[in-house]
Amino acid sequence: MEPAGVDANLNAIVAEPNVDTAKVVPPTPSQLPLTLSPPAAIYNVSSNAAVDADASSFTSAISVDERSIRHSVHSNGKLSSKAVKHTVFEYDEKGIVRTNSRSSRLNRSLVLCATAIALSSINYGWVIGSVNIPALVIEECSDGPVTWSAGFPSCLPMGATMWGLVVGLTPLGAWAGSMFSGVVADRIGRKRTLMANNAFFVAGALLTGTSTTISQLGVGRFVAGISCGVASNIVSTYNSEAATVKSRGFLGGFQQLMILIGLFMSQAVSIGLSNAPLWRVLFSISAVLAVLQTLLLFFVPESPKFLASKGRMEESQAALQRLRANMDITQEFDDLVEMAGLHVSASVSRPTLWQVLSGKTDVDLRHLVFCTLFLMLAQQWSGAKGVMFYSTEVLSSTFHLSSSEIKNIPSIAQLLTLGIGAIGAVAVVVGMTILDRVGRRTVLIVSALSTSICAALIVIGSKLDLGPMVATAMYLFNLVFQSGAGFIPYLSASELLPYSVLGSISGLAASVNCLTLFVVSFTFPILDKALGPYLFTPFIATNFITFLFGVFLMPEARGKSVAQVVVEFQGPVRLINRFPQSTSSSAGLAVEHQAVPTHTPV
């Protein structure tokens, strides 16, 4: 039914933009139907307004929460006040209702773009996972003595320390990539940075796939690591900037999910490519993924926030509309324009990294910066990446597989490794589902404590020489870790820090993450030889420290804006008060303008 007349109350809103829309009473049935003048006429329904109108008069008025209204209509033919609470009715020039993007969740366009961007994360997972299953074939020549075919050796024999260094060169390269990725992305954009980064993926794949010496294999792993570091930083940045407020938790875990999918894919393919010379093909597939993503990125818009921060408002608006297909982006884009203005103003006096770390800024961010860096450190010292890199060797030793059993592909160790990768991906989905319901802090506490317990079970099973117990504990270890402590760190920077310091601290956090991963990757095989059944003992302690951090220091960001988090947890590193007192703050942050309660330190 086409709207046919305009209420004077609505005309006043359209003509006077400063009118408080919260006080406007929606039209009564006698005043309907309406005629709305283009562009879109919008009114907000007060949360206290009582609406009891015939549902047929509202057949074209669909709220942000369509399901609530439709349920009410189907129940009794009426629209209740509960159904229209905080509803925004928006009509375009044709009288068609469009959802307000500010209150939207996931949509098809956003998911497709986030997936195309996250192909870099899949490639990251492929690179770190592809060395796991074929490790014994490459380093110990378990397929037989070295033979040459078409100028390539069947294997590259080396000791445990050298193999640990080769594997560890990937996170070392990732550290290098993470150090410059933020600067490059702030200059040329997130999408272009990922497109250029694919050249490193291709180069790394070609170097490792054609390796004739240990040094060439190591250089190839380092180059591939550079691309992993860039991907680790930029994918999370793009997805956090593209996400709506209500999809922030889901897309925050999306990167870790894609990494685990890439890891699982590499291990699944490894089952058939773990003999000589097919392990070279396994390493080379990374180049195919990079080329595929480069082609897809031509159809993905640049980050609207990045474009707005550069003053490219028309491009920013077009990019935001592509990410919010068939939605009204008026209010969200207004927020983006305001943010861009604040960002430009703040950039004139942007604090240095040392000023942020030392608390010499207008608002003391030391506690939040410490939490961001600690979470990225804790993600890698958990020992989870050691499981991803070396589970095949550990399980082969645990089950006392003979040389002939190891050659019999797939061996039980390889199949169990494949399952560990699969359960990790499932765990991330579970964690992403419950995160916005339970809260970041609670999920982290439960995840870290459970991971510590599982590490203890691995030690007990290894000491008692119970292979099934060790395998089960490894499965549980990866399950509980990936459901919380594995992906929450990727959310931390964008949820805890204002935009003015996000780039510098994100780069520092990524470098801390990669350096820790290098140490774990390099020392894991050495610890395996030195500690034997007690290999996971250090990880009992490190995960328990993460648990204590969650209990005493971790801020809760669920349902809060960055401004609220910053003001509530500003100040030096300290124990947090679980129930902060409400006070006022006049902190001049370049974030959101709203009064929020401050935090009272313990």
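Yeah, the Cβs are placed from backbone N, Cα and C, and that goes for glycine too.
What TrEMBL annotates here:
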DOMAIN    109-558  domain 'Major facilitator superfamily (MFS) profile'
TRANSMEM  110-129  transmembrane segment
TRANSMEM  162-184  transmembrane segment
TRANSMEM  196-214  transmembrane segment
TRANSMEM  250-273  transmembrane segment
TRANSMEM  279-300  transmembrane segment
TRANSMEM  411-435  transmembrane segment
TRANSMEM  442-461  transmembrane segment
TRANSMEM  473-493  transmembrane segment
TRANSMEM  505-527  transmembrane segment
TRANSMEM  533-554  transmembrane segment
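Between the transmembrane segment (505-527) and the transmembrane segment (162-184) there are at least 3 Cβ pairs closer than 8 Å, counting only pairs 6 or more residues apart in sequence, which means the two stretches are in contact. In this chain, the transmembrane segment (196-214) does not touch the transmembrane segment (442-461); fewer than three CB pairs sit within less than 8 A of each other, excluding pairs fewer than 6 residues apart. Looking at which of 196-214, 279-300, 473-493, 533-554 has the most CB pairs under 8 Å to the transmembrane segment (162-184), the answer is the stretch 196-214.
Across 196-214, 279-300, 473-493, 533-554, the stretch most heavily in contact with the transmembrane segment (110-129), judged by Cβ pairs under 8 Å, is 279-300. At the 8 Å Cβ threshold, with sequence separation of at least 6, the transmembrane segment (279-300) lacks contact with the transmembrane segment (473-493), having fewer than 3 such pairs. Outside the transmembrane segment (533-554), and at least 6 residues removed from its termini, the chain residues within Cβ reach (under 8 Å) are 367, 370-371, 374, 378, 381-383, 386, 394, 440-441, 444-445, 448-449, 451-452, 455-456, 458-459, 462-463, 465, 485, 527, 573, 575-576.
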